[in-house]
Amino acid sequence: MAALQPTSLSKHPLSSGTPTQIFGSKVQSGDLLPTQFRFWTSFRSKTGVKLKASAEPPALTRELKGDELKGIMEMESGCDLFDKLKNGFLSFKSHKYMENLECYQALAKGQAPKFMVIACADSRVCPSTILGFEPGEAFMVRNVANMVPTYESGPSETNAALEFAVNSLEVENVFIIGHSCCGGIRALMSMQDKAESSSFIRSWVIVGKNAKLSTKAAASNLSFDQQCTHCEKESINNSLLNLLTYPWIEEKVKKGMLSLHGGYYDFVNCTFEKWTLDYKGSIMNGKNRVVMKDRLFWC
């Protein structure tokens, strides 16, 4: 007998005693024959759910096992998640895309963003949501703990994005955005200095080692949570200095063609700090410490 393949599922079989139908098909001699599945639920039976299939050849009846029932429930749950995404897309299309059709048609021909944003991959801190970036306004890369490795560290997806944004798109601003309660920074602060590990996370967050060292030196009297908060901001400045290790970035900053900014989003209190790297002041400090200017606090 050829395999029966359900293609769509209506409401959950446990939600009602009414039979729920799944429509599929069966291949026989090159023809497609309609097949119907019906689920019946019995709350008083320990056997749970039974499946009856009516088609040619004659009907088949068997009991669904626990794992099979669980799989059906998980499938429905997954459908619910994507229903939400579908509704979100259709809402975007009707309320944003169609209402700003000329703008989106222009974007289809190319992009010219003013910002390159480097933010954390954390699901709670989407820069577009927090700062209101519209499509075409910011070229973004998100990674664990919003870090920028040095030029000498070699290729990564972050510096590949930087190269494209700075040299091809010619953005005017690079904006590194950190945030409160950062798991990547917490992992960095928790690491034993000489511990060896094959962890991808450890191999990545070690980029912020200098931020950890300066935090330990400046805030050793604080609690671990307070040290992590301190390091979240220190790591942003560490990455700003790392940007200056890229010759093509430093050259544009020196000429005034590119500005480097830091930002910190505290989602516990919903506040935002923004500052700009003072290139001349930082150079006078041997590029070992960020000198800030144009510091703002939004609340």
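Every residue, even glycine, has its Cβ placed from backbone N, Cα and C.
The annotation Zn(2+) binding site is assigned in TrEMBL to Cys120, Asp122, His179, Cys182. Sequence-distant contacts (6 or more apart, same chain, Cβ under 8 Å) of Asp122 (Zn(2+) binding site) comprise His179, Cys182, Gly183.
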Ask   = Far apart in sequence but close in space: which same-chain residues, 6 or more away, have a Cβ under 8 Å from Cys120 (Zn(2+) binding site)?
value = Arg142, Asn143, Val144, Ala145, Asn146, Ile177, Gly178, His179, Cys182, Gly184
